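Asker: Got a structure for you, written out below as structure tokens; questions coming shortly.
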Amino acid sequence: MCRSNQWFACKSNISPDDFFFAGLAKPGLTNNTFGATVTLATVQQIKGVNTLGVSMARVDYAPGGINPPHTHPRATEIVFVLEGELVVGFITTENKLFSKTIKKGEIFTFPRGLIHFQINNGKVPAAALAAFNSQLPGTQRVANALFASSPPVDDVVLSKSFQIGTQEVETIKSKFAPKK
Ligand code: GLV
Ligand code: MN
């Protein structure tokens, strides 16, 4: 039944706890720059999903909180609103925006690999549960990837790509620099 892979070897002694995770039971703290936090429940938290192709996440949003534009290279995602209301959207490879306001009990789908986001424009906190068709979807935040990589992407690359001055590039980079 078990296929090991290079990251997660099969265990010989498995127990119910290998399939259990309580980490999504409570809201995550939202007192950060984005006013939102993603709590993952992937194969890194639940060893039992190894080779099964599924995982989940919980996202909590303060009023005004955003889960900023990002992609999951290995998974399609479906979000279910637990509380509140979210404006969600993804952008196709033709650069068309597919966006909607979804409320408690409603779902929305983000196709694999496409850039997507959620924002809580409401006055009360919001929460969502996300399901992924990969045990390890991977997350790449667009702004962090381009403006906070290590080593950094050259200012000229960013300046030419975004048609802005290198000073503006530096300003954006400084906002994403790890706080000292
Ligand atoms: C998590 O990655 C989400 O978009 O809900
Ligand atoms: Mn996502």
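Cβ atoms here come from the backbone N, Cα and C positions, even for glycine.
Not my notes, these are from TrEMBL:
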DOMAIN    22-170  domain 'Cupin type-1'
BINDING   Asn67, His72, Glu77  oxalate binding site
BINDING   His70, His72, Glu77, His116  Mn(2+) binding site
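Situate these features within the shown structure.
Answerer: Counting residues of the domain 'Cupin type-1' (22-170) by DSSP class, helix then strand then coil, yields 22 helix, 57 strand, 70 coil.
For Asn67 (oxalate binding site), other Cβ atoms within 10 Å of its Cβ number 26.
In sequence order, Phe110, Arg112, Gly113, Phe132, Ser134, Pro137, Gly138, Thr139, Gln140 are the residues of the chain that are 6 or more apart from His72 (oxalate binding site) and have a CB within less than 8 Å of its CB.
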Asker: Between the binding-site residues His70, His116, whose Cβ has more other Cβ atoms within 10 Å than any of the rest?
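Answerer: Selected residue: His116.
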Asker: Quick one: Cα separation, Asn67 (oxalate binding site) versus His116 (Mn(2+) binding site), in Å?
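Answerer: Answer for this pair: 9 Å between alpha carbons.
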Asker: Give the sequence-ordered list of residues that share a chain with Glu77 (oxalate binding site), lie 6 or more positions from it, and have CB atoms under 8 Å from its CB.
Answerer: Thr109, Phe110, His116, Ala130, Ala131, Phe132, Pro137
Asker: Taking 8 Å from the centroid of the Cβ atoms of His70, His72, Glu77, His116 as the cut-off, which other residues in that chain fall inside it around the Mn(2+) site?
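Answerer: These residues sit around the Mn(2+) site: Thr71, Ala75, Phe90, Phe110, Leu114, Ile115, Pro137, Thr139.
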